[in-house]
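According to TrEMBL, the transmembrane segment annotation covers 6-29, 41-66, 86-111, 131-150, 197-225, 246-269, 281-304.
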């Protein structure tokens, strides 16, 4: 038995769709994200660029997985499969992208929270200061990728543990392919359990990053939602409408990776702790993760009316001109959007 055919078919199709859809979104941002979007345009552009980069990293990884006992192996099945050093780097980069994505969403929610709930502080994102929001995602990317490299890198214990199943199931020589593998504990001949501390630390760190970022998203989303529905908020009708569209876009863009990435990846980390046997069906996690960059841009394209109307040619010329006029709050600050 070899790698399931559906796995690489979905990965390649998702890659093509991701490149086309995110390129289209970048074009729409350029054409229709006028001054009323403020510095939030930078975050939207950076997120689309990230999705394109992620799709490329995934196609250079083509992850294939198997869950056995108290561990899970993930090996590279792309052209880099037999280049163990480069393959290992691309594998940990692929994992690090998960941290980058959730932390980027957290920074988006922080921006929306300040823009809507703390309008008098929106000036802190003026000019090049908005790019400082990209620092935390890069830092968490390096932390997560570094943790995968240090805690889950190949060693003889893991090679021996997975050697037979990888040869029988995927017809691969584990000594030749690039892989990473958490192995939380092993059962000794005398019946005792040997815990592998470094692997458990990697699991704890990864779950901690996911939990912290998701908590940040939830708190900022709750407060922003309440503020947008507060009738005392001094904001023009058009600006309020745009802010609600951006809020719901961001909300769905958070829900999508939560379903396609973080629940599946969380299960990858947690199920081996209880030795739940999933086997080759863990590859559905790879399928879900590949769908994320392909589906994500469609949320913004179809929820933000400026993008949707421009795409389907349903706007009048006068509307195009009006959209380029900046919208200001009663505080005289830059656009809240």
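Numbering starts at 1 and runs along the chain as it is shown here.
Glycine residues also receive a Cβ, built from the backbone N, Cα and C atoms like all the rest.
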Intrachain neighbours beyond the transmembrane segment (246-269), with Cβ under 8 angstroms and 6 or more residues off its ends: 40, 47, 65, 67, 72, 98, 101-102, 105, 108-109, 112, 116, 182, 203, 206-207, 210, 214, 217, 221, 224-225, 228, 282, 284-285, 288-289, 291-292, 295-296, 299-300, 303-304, 337
Proximity of the transmembrane segment (281-304) to the transmembrane segment (6-29), 3+ C-beta pairs under 8 angstroms: yes
Leading contact stretch, 6-29, 86-111, 131-150 vs the transmembrane segment (197-225) - CB distance under 8 Å: 86-111
